[in-house]
Amino acid sequence: MMWGTKLLPVLLLQHVLLHLLLLPVTIPYAEGQKKRRNTLHEFKKSAKTTLTKEDPLVKIKTKKVNSADECANRCIRNKGFPFTCKAFVFDKSRKRCYWYPFNSMSSGVKKGFGHEFDLYENKDYIRNCIIGKGGSYKGTVSITKSGIKCQPWNSMIPHEHSFLPSSYRGKDLQENYCRNPRGEEGGPWCFTSNPEVRYEVCDIPQCSEVECMTCNGESYRGPMDHTESGKTCQRWDQQTPHRHKFLPERYPDKGFDDNYCRNPDGKPRPWCYTLDPDTPWEYCAIKMCAHSAVNETDVPMETTECIKGQGEGYRGTTNTIWNGIPCQRWDSQYPHKHDITPENFKCKDLRENYCRNPDGAESPWCFTTDPNIRVGYCSQIPKCDVSSGQDCYRGNGKNYMGNLSKTRSGLTCSMWDKNMEDLHRHIFWEPDASKLTKNYCRNPDDDAHGPWCYTGNPLVPWDYCPISRCEGDTTPTIVNLDHPVISCAKTKQLRVVNGIPTQTTVGWMVSLKYRNKHICGGSLIKESWVLTARQCFPARNKDLKDYEAWLGIHDVHERGEEKRKQILNISQLVYGPEGSDLVLLKLARPAILDNFVSTIDLPSYGCTIPEKTTCSIYGWGYTGLINADGLLRVAHLYIMGNEKCSQHHQGKVTLNESELCAGAEKIGSGPCEGDYGGPLICEQHKMRMVLGVIVPGRGCAIPNRPGIFVRVAYYAKWIHKVILTYKL
């Protein structure tokens, strides 16, 4: 698969600032060894950004490197550069770095866009405030506190001095800018142009004075990147030295830019993880704004008689929990001590002992006056009527009680009371009929993938509803593969079909062809069902008449396989849950199971496979040869845990429940285009199962880069549910 790249201009088209888009980057650090400088934390990142500076005299430096970390290290050291490095651009596709003596604030610089480029600017050159004594300040203020113009550092007029740029390398004694080369008290200063005043400090504010927040800082999006004790913050897109769940791509609305202080979890004020291995996190010193101007989109709608969403805007006077126990006053520490006080949560209306939701919990709550019951929810407060556009669900949505009544494909839901017989057919308990109101989307069978409903369309008996998880409610990360909880194999016996033991051949392997050309692989999991990847059928309303499933073949070019092959049309396509990258294909007629065509077993729902288990992938995809022979090939991989997988991906990957990681035993082996949809087959207790599905990843069989597969065990219940209910 080829990836497009944009070439940098040979001479003087440079790059910078369009918008912030964090991508994970790994910073090397070894505990127990001398701590290495986390230089990437000293740069502000602007993704897909370029700059243009049309000046033939400007020099730049370029070199092939392995990562943005290397670029940052070279820029900070400034070794071998004929200029002071203020910024760099990293070309992700070509692994090349471009170092610049200018940044986005320099004169004559124009902004641009470059898909493959990320710009990093040294924060010291773009800050308009100082941290601590201001020893790192490299801004352009050149006037003293009393308004006197500064004397250039390389000049001896009107004042002779020893602070020459050549004597203080690295202190950026450029032009006549205010500096603090010795890190003295008082902050940046300069010699003045007034013969009567030798030197004077400059009026540059502390960053803690410039930055301000409203309420408890949940909407703060400023560039404060140090804690109140002066520790540098860890980047949100990194897991070193502290592992955490607040990944920018998982919480796109939390403002996780670079390593800036944020408050994503309802703490009293903004905070950050630190670069100190012994200090996981600390609060940041950000003052309250004098005028509490709050972005209206960040303020929950206030209600007094009912709650909207999670009830963060509830301002009513209910003061007991659901069972009638009175609430404890928020300004009291008896009988329960706590830090959720009116002082710490100024904008949360913590008056008296009224039920509130100051920390983003499921609903309004309070500490109770019962010493044996610390907190309780005020679930007796009714929910306000909400439109479907505001709907969301928590967990798997089994408690969702909204009024949406359409599927994700736009079909109108049918009444639950007309479908109770079908519902009883695939669940083994009596559903709560009180929740199955009218034709609203619900989750009576505890489906792991959210609310759904029956439809009046016989070809689509049921489907999921277009409801998202509530903000902050995300798919948890995968369990540790070193400690499997559920065995994936359902039996220790080999499967037998029609009295014939399943062959050691790969009879379950399917070649999906479009107009007689192989496009994807697939797995025959039932006589009438094939499991494959969604990417093989990108258009939801695609005409299936041009698609065929070829079974029982080894040579995708059909040579010498007339007797064993079965060619079946596809009658139906069922898309998997949102984000699953899976589809199930219903065959026009069942496959005939014989010595050349067989089914592959599915794993138990939610099971895990031990790390280092050897598995295999199969496919007819790209092999690196111009004239591929079209033969089915196999590559052996081993299951890899989350931590090790993340290391191989330079910290850019954190597996969740729906993903599985496997690395090649042979360098350069792995799935490529044409293999997508094919299976990752593992064996447990002498039973082979399809544990993963190949989907497009981060390149094709890249050395030391394990593949990320769809974890079939996470979707096993959905697969069984579809097979059971899609009868036509």
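Cβ atoms are placed via backbone N, Cα and C, with glycine included.
These figures come from a predicted structure and were not determined experimentally.
Swiss-Prot annotations:
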type	residues	note
DISULFID	Cys71-Cys97	disulfide bond
DISULFID	Cys75-Cys85	disulfide bond
DISULFID	Cys129-Cys207	disulfide bond
DISULFID	Cys150-Cys190	disulfide bond
DISULFID	Cys178-Cys202	disulfide bond
DISULFID	Cys233-Cys272	disulfide bond
DISULFID	Cys306-Cys384	disulfide bond
DISULFID	Cys327-Cys366	disulfide bond
DISULFID	Cys355-Cys378	disulfide bond
DISULFID	Cys615-Cys682	disulfide bond
DISULFID	Cys645-Cys661	disulfide bond
DISULFID	Cys672-Cys700	disulfide bond
DOMAIN	306-384	domain 'Kringle 3'
DOMAIN	392-470	domain 'Kringle 4'
CARBOHYD	Asn295	N-linked glycosylation site
CARBOHYD	Asn403	N-linked glycosylation site
CARBOHYD	Asn569	N-linked glycosylation site
CARBOHYD	Asn656	N-linked glycosylation site
MOD_RES	Gln33	pyrrolidone carboxylic acid
SIGNAL	1-32	signal peptide
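Shown on the structure are the features that Swiss-Prot records.
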residue	record	Cβ contacts under 8 Å, 6 or more apart
Cys71	disulfide bond	Val65, Phe88, Phe90, Cys97, Trp99, Tyr120
Cys75	disulfide bond	Thr39, Phe43, Cys85, Ala87, Phe88, Trp99, Tyr120, Asn122
Cys129	disulfide bond	Ile204, Pro205, Gln206, Cys207, Glu209, Val210, Glu211
Cys150	disulfide bond	Ser142, Ile143, Thr144, Asn176, Tyr177, Cys178, Cys190, Phe191, Thr192, Ser193, Cys202
Cys233	disulfide bond	His41, Asp225, His226, Thr227, Asn259, Tyr260, Cys261, Cys272, Tyr273, Thr274, Leu275, Cys284
Cys384	disulfide bond	Thr303, Glu305, Cys306, Ile307, Lys308
Cys615	disulfide bond	Ile609, His636, Leu637, Tyr638, Ile639, Ala662, Leu680, Ile681, Cys682, Glu683, Leu691, Gly692
Spatial neighbours of Cys366 (disulfide bond) that are distant in sequence (at least 6 apart) but have CB under 8 A: Asn319, Ile321, Cys327, Gln328, Trp330, Asn353, Tyr354, Cys355, Arg356, Val375, Gly376, Cys378
Asn403 (N-linked glycosylation site) and Cys661 (disulfide bond), Cα-Cα, nearest whole angstrom: 39
Secondary structure content of the domain 'Kringle 3' (306-384), with strand meaning DSSP E or B: 0 helix, 14 strand, 65 coil
Integer Cα-Cα distance in angstrom, Asn403 (N-linked glycosylation site) to Asn569 (N-linked glycosylation site): 39
Reported mean pLDDT - the domain 'Kringle 4' (392-470): 87
Three-state secondary structure, Cys75 (disulfide bond) (per DSSP): helix
Rounded inter-Cα distance in Å - Asn569 (N-linked glycosylation site), Asn656 (N-linked glycosylation site): 35
Tally of DSSP helical, extended and coil residues in the domain 'Kringle 4' (392-470): 10 helix, 19 strand, 50 coil
Pairwise Cα distance for Asn656 (N-linked glycosylation site)/Cys645 (disulfide bond) [Å, integer]: 12
Neighbour count (Cβ, 10 Å) for Cys190 (disulfide bond): 26
Residue among disulfide-bonded residues Cys178, Cys207, Cys306, Cys661 with least C-beta crowding, 10 angstrom cut-off: Cys306
